[in-house]
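Going by TrEMBL, these are the annotated features:
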type	residues	note
TRANSMEM	224-242	transmembrane segment
TRANSMEM	271-291	transmembrane segment
TRANSMEM	297-318	transmembrane segment
TRANSMEM	338-359	transmembrane segment
TRANSMEM	637-658	transmembrane segment
TRANSMEM	678-701	transmembrane segment
TRANSMEM	707-729	transmembrane segment
Amino acid sequence: MKRLFLVFLAASFAFSTYVSYLLETDQEVRSWSAAAYAGFSFTIPHSELFGPYEVLPLLTEAAVDHNVNLLRDVQLLEEDNNIAFTTFVFLTRNSSFLGGIPLQAGSHLTIEETKDSNFILHSHRVPQDEESIKGTIQTLGRSHTRIVQPLHHFPDYVSPFGTYHVEQTDSVSEEQFLKTLVDLFNGYLENHIAEPVPLTADDFAVQTDQTPVSTTFDPTYVQTLAWTLWGITGLVLMFYIMRNGKTVAIYSMHGFSLVQIWKALVGRVSMLLFFVCIVLLPIVATCLFGWQPRYLIVTFLAVTIPYVLVLGLSWLFVYSISRSKLIDGIKNNSNTKLFLLVSQAAKAVALVAALAFLLQISDRITELEEVRHSLTDWDISKDYGEFYPHLEGYDSDEYERGTGIERTSNIITEKLYPVLNADGAIYIDTDSYQEDTLIFDAQHNPDMIRSIRVNPNYLRMFPVVDEHQQTVVIDEEETDRVLLVPHQYKGKEDEIVSYFKEVYASWLTIERYQSEQFSHLHEQDFHIVWLADQQSVFSFNIDVFPEENNMIIDPIIEVVTENNSYPLDRDFFRGSIGNDPLKVKLLDQSTAKTYEHYLPLLRDLQLEDNAKHLVTINEQAQKDISEIQRALTLDTILFVLTATIALFMIVQTSHLLFAQHKKRFLLRRFFGHSLLRAYRNVLFWTLTTWIVILSTALYRYSGYQDLTIITLALFLAEVVVTLVVLTRLEQKNKVSILKGE
């Protein structure tokens, strides 16, 4: 029994150390947020006119005018599908945020380096970024990556729409800064739109509470697990001391003090184990994470506090047994009332916890099935990937001259897209249906006719039917502008055609598209296919009507083919300002295999620097399902743990009850009483306990449909286990009772 106690004690030490690591790494990640250093924050209004390269100079100009720093937190997906917590910075003065980042090697970014350099701070030495890493960030966790980059890098990774934090605001108020920002953005709109609706400061307000850094980590579970394990250790210790009542009595008979008895029974070996763990902790931690004094202090407290409580508990048990009658101790007949009371209470708590976790597991399984059923359209996403990140690559000089974007886009649309399209790539642009876009357009562009854009491959995967219930098929050779319009808008045909003619006419303002090469697009016919009403279109966009499973009902659909559009009109590589990029058909659902397949083509087109990776689509189904599965896994672990405790306590309680009433029980059995009748006292208390548990469950979990079944199953399980234990004890003690012992 001592070995079992030491195993549990060592396991409690190890798990508490691990939990401390998890909690500290989570706290570390949360501390990376730039929001804590911000005087105020703002966001960029969502509009197709505001691309990343248009927004960036406006932001930096406002920051320079008011001598403030700009910070932006994002979470980027790395090649290994891990999250990189990244902060983009633009400094005009010293930064408290940047200065507070501990470095393991190298130095911080200077003010000038945040404006025009490619230097970054990184928590890991990445071979491909070795030359650009100026400083290595010291971190405790190895599962998270932290990166600090200049603000002008963000167009390579994310859209401009997001929350920006303003630091060092002692010289400017939020109203003054936003006024400057509004003036700059309105000036930009006036240069690009004939009659723009002016923006106001409210358009730049952060609409919702921001949670800049999320780790999807709930510390409650692991803390509960750690304390539960220590609780099991205490119960094992209690049972061990009770089983050694004879040893305590013999020590007492020979004049040993309480301290000596406690040290011989528990103290010496447990303190030796504690000392070994405390000595090994800083050695192992320093080897793994470097010198981390905060982690060492927190971990020391995390293992010391419960250890001291367990030792205090053991002292009370030894004291209680030592106070028993000597003859009872020699016969190992210690007073078990205190232990029985503790065991009964612990058993009841463990059973309630097991019931609660079983109900949660049942609820999670039901929720999981509902999510899987409601998000079946997202299952197809496992067959597609996206090029990521969208970099300027080796064309940076051309980008600075304003020619790089056009050159790269021409290659992508005229050389790369036809190959990907022929292999089944899907494109759908639903940016205009995102919630923030809907709000912005309602205020600033109320007369627009909203639409989505797809390629013919999309219609093959997600077909729609016309007003005659025939599946709509558009050939890639189609040269007319094709609009798929719900039948309900048939009375507005002229208005719709006029609107889209005006939209498409804007392409003729580009000099290159005025050439003979594109003459067939100068006077295009418009072909409208009238669709049956009440058709849902899957958006492939988690920000589009999330409550409706990302479906759009009855949108106007523009079908873009290789022959009815200008090259930049089908610049699907990045999507609409970096959103909704082209979905590349994967080979065997493998991004690595598919990227290797296209790498020779990317090299021939000099695009391997622009598209360094192929990653899986941000799958809404997998996102939701993985969250539920994570919770389901934790609930299952906690159920197994609490069920183990409950089983242990049922066995221990049965032992204690039998020890108190074994003569009565065995006499009943000798006189032919059945199991249920002989042990009716035990079963009565079991039934009473479950009546209390059921009352508590009905009050707390009345909405769960499986409550009755689960409660009945646990009750029957306890009855069976109790009877099995009592039967074994009966067989074991028959002879001793007959002898009068």
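Just so it is clear, glycine is given a Cβ too, placed from its N, Cα and C backbone atoms.
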- Task: Name the range, of those listed as 224-242, 271-291, 297-318, 637-658, 678-701, that has the largest tally of Cβ pairs under 8 Å with the transmembrane segment (338-359).
- Result: 637-658
- Message: Would you say the transmembrane segment (271-291) and the transmembrane segment (637-658) are in contact under the rule of three or more C-beta pairs closer than 8 Å, pairs 6 or more apart in sequence?
- Response: no
- Could you tell me whether the transmembrane segment (297-318) and the transmembrane segment (224-242) are in contact, taking contact to mean 3+ Cβ pairs under 8 Å with a sequence separation of 6 or more? yes
- Note on the structure: Under 8 Å Cβ-Cβ from the transmembrane segment (271-291), and at least six residues away from its ends along the same chain, one finds 6, 9-10, 13, 17, 104, 138, 140, 142, 299-300, 303, 307
- Positions whose Cβ lies under 8 angstroms from the transmembrane segment (707-729), at least six residues beyond its ends: 351, 354-355, 358-359, 362, 646-647, 650-651, 654-655, 658, 662, 665, 675, 679, 682-683, 686, 690, 693-694, 697-698, 701
